[in-house]
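Feature annotation from Swiss-Prot assigns Mg(2+) binding site to Glu9. Taken from Swiss-Prot, the feature ATP binding site covers His15, Asp167, Gly168, Lys169, Ser235, Gly236, Arg237, Phe238, Asp246, Arg252, Lys253, Ala269, Lys273, Lys277. Feature annotation from Swiss-Prot assigns K(+) binding site to Glu43; the stated evidence is similarity to another entry. The L-methionine binding site annotation in Swiss-Prot covers Glu56, Gln99, Asp246, Lys277 and rests on similarity to another entry.
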Amino acid sequence: METFLFTSESVNEGHPDKLCDQVSDAILDACLEQDPDSKVACETCTKTNMVMVFGEITTKANVDYEKIVRSTCRSIGFVSDDVGLDADKCNVLVNIEQQSPDIAQGVHGHLTKRPEEIGAGDQGHMFGYATDETPELMPLSHVLATKLGARLTEVRKNGTCPWLRPDGKTQVTVEYFNENGAMVPIRVHTVLISTQHDETVTNDEIAADLKEHVIKPVIPEKYLDEKTIFHLNPSGRFVIGGPHGDAGLTGRKIIIDTYGGWGAHGGGAFSGKDPTKVDRSGAYIVRQAAKSIVASGLARRCIVQVSYAIGVPEPLSVFVDTYGTGKIPDKEILNIVKEKFDFRPGMIAISLDLKRGGNGRFLKTAAYGHFGRDDPDFTWEVVKPLKSEKPQQ
């Protein structure tokens with residue numbers, strides 16, 4: 001049996017890039033909660049003792065940007081300079097302007113267009129992917145890397161491993177078998193965890209705790225064997241972390257946010273963007289389409305692409321590839337998808353309820369992945385049953 005190795009990585013909510021994603025989405029939530037028609041393009045950057053939010057926001061909402069920045073950093077665990085940032089003492093810079101009137105008239109006619117007339121907020125192409133290798137219909141390498149990161153945060157916050165600090169990265173290599181285009185995981189080849197820690201803990205304690213409290217609860221035993229390789233804090237020391245260790249920027253972790261390197265990516269980031277930004281809404285609707293294709297048994301694995309022009313509601317193209325796993329021809333699946341899904345941005349916002357903020361709705365997406373999550377707020381994960389109409393004889 002010929003197998004191959006494939007690797008996916010993830011980062012924790014305390015990674016500086018992910019801190020920025022969460023701040024941007026916390027601001028989006030606050031705007032949408034008060035004004036569902038808010039137009040938000042919010043970027044965040046951070047370095048030692050500083051967080052800056054900048055971009056274009058047009059909203060009727062009354063939003064205290066500085067307060068949101070500090071509370072988001074605090075809830076992640078950045079409560080002192082020792083851990084990489086002090087949420088209460090750091091400098092918060094704000095440079096937010098209104099959306100360009102040129103863009104506003106072209107996309108939504110200064111809020112006068114009906115939902116079906118709203119144009120795409122920009123050009124671009126987005127991909128959705130699904131695979132039957134996990135219950136989530138997501139790639140196993142990505143699922144395991146993501147869950148390891150989430151578990152690291154859990155044992156830090158609940159006190160199981162008090163030596164942990166907010167920053168951290170994970171990476172999982174899975175050995176796969178290609179079964180006529182479908183991906184079948186055989187075993188976990190390598191597990192890598194690099195986590196920020198305090199001064200008190202030894203490398204042996206770190207390795208023992210990570211194996212017992214992080215890896216064991218996350219990776220099913222059937223995937224681990226005596227040949228599985230573990231790299232646990234291989235650099236030997238990771239005390240300085242968060243924005244003190246590295247600069248952070250919104251939209252720098254787009255593969256972690258999506259499919260861990262599987263499928264394809266159009267390059268557009270998600271966080272800090274309202275649903276007229278097709279980078280986000282377009283990617284969400286094609287995930288729903290791809291997941292629905294696999295969940296409905298039309299294929300074992302598939303990718304869906306959609307593309308847009310600024311100001312134009314209808315997509316320029318829709319593409320489906322089932323990697324040879326389709327039960328019916330890809331062309332037929334494409335026709336079903338085009339019939340069952342409305343790819344116009346204004347209609348995506350309605351069908352996936354994307355104008356609803358609050359309750360950390362989008363903040364939740366900004367760490368540990370936008371897809372494969374079991375949460376009613378992740379409306380794009382709801383499967384639409386798809387059936388092939390048998391052609392008339």
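Cβ atoms here come from the backbone N, Cα and C positions, even for glycine.
Around Glu56 (L-methionine binding site), the C-beta neighbours below 8 angstroms that are at least 6 residues distant in the chain are Lys39, Val40, Ala41, Ile96, Glu97, Gln98, Gln99, Ser100. Under 8 Å, Cβ to Cβ, and six or more positions away along its own chain, Gly168 (ATP binding site) finds Val11, Asn12, Gly14, His15, Gly149, Leu152, Thr153, Ile193, Ser194, Thr195, Gln196, Gly241.
Counting every protein chain shown, the Cβ of Lys273 (ATP binding site) has 27 other Cβ atoms within 10 Å. Ranking the binding-site residues Glu9, Glu43, Lys277 by Cα distance from Ser235 (ATP binding site) puts Glu9 first. Sorted by the number of other CB atoms within 10 A, the binding-site residues Glu9, Glu43, Asp246 start with Asp246, the lowest.
Set side by side, the binding-site residues His15, Arg237, Lys253, Lys277 differ in how many other CB atoms lie within 10 angstroms of their CB, and the most is found at His15. On the backbone, the CA of Lys253 (ATP binding site) and the CA of the residue listed as 'K(+) binding site' stand 13 Å apart. The CA atom of the residue listed as 'Mg(2+) binding site' is located 26 Å away from the CA atom of Lys277 (L-methionine binding site). Rounded to a whole value, the Cα-Cα separation of Arg237 (ATP binding site) and Lys277 (L-methionine binding site) is 41 Å. In terms of local Cβ density within 10 Å, Gln99 ranks first among the binding-site residues Gln99, Ser235. Lys273 (ATP binding site) sits 9 Å from Glu43 (K(+) binding site), taking the CA atoms of both as reference points.
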